[in-house]
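K.L.:
Let me give you the structure first, and then I'll get to my questions.
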Amino acid sequence: MAVACQTHCVSLHSNCGSANRLLFHFPSPFSLLRSQPNADMNSSATLLQPPTAFTGRGRQRLHSAQAGPAPLSSPVRSTLLCVRCQSTSIEKPKEKRNIIDKASNLLTNLLSGGTMGNMPIAEGAVTDLFDRPLFFSLYDWFIEHGSVYKLAFGPKSFIVVSDPIVARHILRENAFSYDKGVLAEILKPIMGKGLIPADLDTWKQRRRVITPGFHSLFLEAMVKVFSKCTERTISKFENYTVGNEEIEVDLEAEFSNLALDIIGLGVFNYDFGSVTKESPVIKAVYGTLFEAEHRSTFYIPYWNLPLAKWIVPRQRKFHADLKVINDCLDELINNAKETRQEADVEKLQQRDYSSLEDASLLRFLVDMRGVDVDDRQLRDDLMTMLIAGHETTAAVLTWSIFLLAQNPFKMRKAQAEVDSVLDEKGFTMESIKKLEYIRLIIVEALRLYPQPPLLIRRALKPDKLPGGYKGEEEGYEIPTGTDIFISVYNLHRSPYFWDKPNEFEPERFLVPKTNEGIEGWAGFDPERSPGALYPNEIISDFAFLPFGGGPRKCVGDQFALLESTIALAMLLQKFDVELRGSADDVELVTGATIHTKYGLWCKIRRRA
């Protein structure tokens with residue numbers, strides 16, 4: 001899942017002088033100014049107040065969003081970054097910028113460790129990295145230097161990959177020559193030996209145990225859980241609306257609640273009830289999610305310093321939150337062990353989920369492994385699924401609505417499909433198969449706003465990378481310990497592999513795509529994976545990597561895609577949605593995932 005940089009997303013289209021450019025506002029780190037939504041805060045529309053205000057990322061911003069931040073001065077608001085332009089500086093004290101940049105360039109030249117043959121080195125200003133998410137700068141350098149280049153931060157360097165052929169080599173063809181590197185170091189204190197940060201030996205063992213739990217029949221049983229949780233959110237909105245009355249709601253916060261409830265019931269058989277109530281466990285979950293995101297964006301791991309967990313206030317809070325969650329998980333694990341019955345084991349062996357009172361993944365892991373299952377390892381697995389599963393689903397639903405709200409025709413098309421498929425009987429796997437356009441919207445949102453925007457790897461032994469598009473034909477030799485960023489954002493918006501890459505076109509996934517000028521790339525072909533409900537890395541030959549690829553691909557990808565499909569369809573079936581202001585008012589920030597700074601505030605009303 002996969003840095004704290006901030007940028008203000010303006011729109012997917014502009015008239016800045018070049019086709020297919022993606023524009024962003026961004027604030028200066030030397031300024032205390034914040035962006036002001038253009039929405040009329042005195043509107044007569046009802047403001048939907050969330051029932052609680054937690055400290056985590058999904059809740060902490062609610063007060064500032066409702067109160068409305070201070071407006072930007074016109075000179076700052078007019079400052080634009082064009083992602084495909086090379087000039088990325090903003091107005092700030094030039095003397096300070098020059099000193100920082102000169103010092104950084106000196107360190108880079110002295111300590112970057114060479115060029116690894118003829119591999120290009122990105123020579124960006126380090127101060128640019130303070131102003132916006134790292135992956136935007138990686139895109140600029142991709143356009144300038146090509147699909148494989150070296151990026152140095154003083155003594156630390158990374159190879160940045162924006163090529164499906166090279167990504168395929170790292171993720172699938174030579175997967176066991178790499179581990180998660182920096183990402184594992186950041187997440188290990190939180191997830192322990194869970195699937196994401198685990199070393200290869202632990203990962204192989206846990207993968208064999210966990211993967212069968214995501215069997216297609218388990219996913220089919222989870223459809224009821226997804227629908228039940230989404231119905232709570234729908235009912236909550238309906239309680240605030242009468243007739244054609246319009247309400248304003250932060251849908252990102254609501255999707256965050258929804259995703260947490262789904263993970264709770266589907267994975268733990270635990271009802272967080274976060275859509276309607278507050279509890280110490282929910283507060284702790286959001287606090288931990290916030291800390292995981294903070295660590296993924298902070299360059300200096302100060303939390304590893306001696307006594308940091310006692311001296312640094314946020315670290316004290318984090319460890320307190322972690323204890324609350326771990327205590328809760330321990331209780332759930334113990335309960336699952338104590339209630340283990342041979343009859344349930346037989347049903348699980350036969351994949352008879354329909355007759356199980358508890359069809360959760362925790363039930364499967366305990367029943368199939370027996371009472372001797374390692375509690376600590378199981379807790380690490382559950383914590384990993386809690387954090388990874390929650391963040392991805394909340395983000396993909398947020399950006400799906402953001403994109404649809406800017407494209408009313410596509411929203412109406414989606415609603416028409418939902419109306420033609422869903423009936424009083426609710427959701428089944430068969431109805432999901434018929435919701436083709438809804439599924440395409442979900443994957444197109446993941447293409448434009450990948451969760452995470454970066455995949456991180458570290459070489460465990462020397463390797464030779466392919467040269468990539470327009471790179472060295474003989475490839476690049478890399479030594480043990482080389483850190484690599486696979487830029488999913490660059491891959492998903494590459495003009496070499498996608499037509500009109502910055503435009504929202506869900507139907508693109510129905511049409512084969514080739515580029516004869518790129519040797520070694522098999523192109524995009526939906527027929528390559530017949531029967532797949534959602535496009536994947538196989539169909540795209542690693543040009544589309546929303547859940548990674550190869551052996552260490554996310555095991556819960558279908559779980560996340562199905563819950564997102566159901567939630568989006570149920571919302572569109574009942575409500576019309578539009579942004580409260582304009583797309584220009586939605587400020588984008590990144591961490592483990594790409595999300596908004598002040599929430600996705602929308603106007604919703606019951607459909608006629």
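Backbone N, Cα and C define each Cβ position, glycine as well.
Note: TrEMBL annotation is automatic and uncurated.
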K.L.:
Among the residue ranges 98-125, 154-181, 322-349, 574-601, I'd like the one that TrEMBL describes as coiled coil.
P.N.:
322-349
K.L.:
Sequence-remote contacts (6 or more beyond its ends) of the coiled coil (322-349), Cβ cut-off under 8 Å?
P.N.:
190, 268-270, 280-281, 283-285, 288, 355-356, 358, 362-364, 366-368, 370-371, 373, 375, 378-379, 382-383, 386
K.L.:
Just counting, how many other CB atoms are there within 10 A of the CB of CYS554 (heme binding site)?
P.N.:
18
K.L.:
Please work out the mean pLDDT for the residues of the coiled coil (322-349).
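P.N.:
Averaging the confidence scores along the coiled coil (322-349) gives 84.
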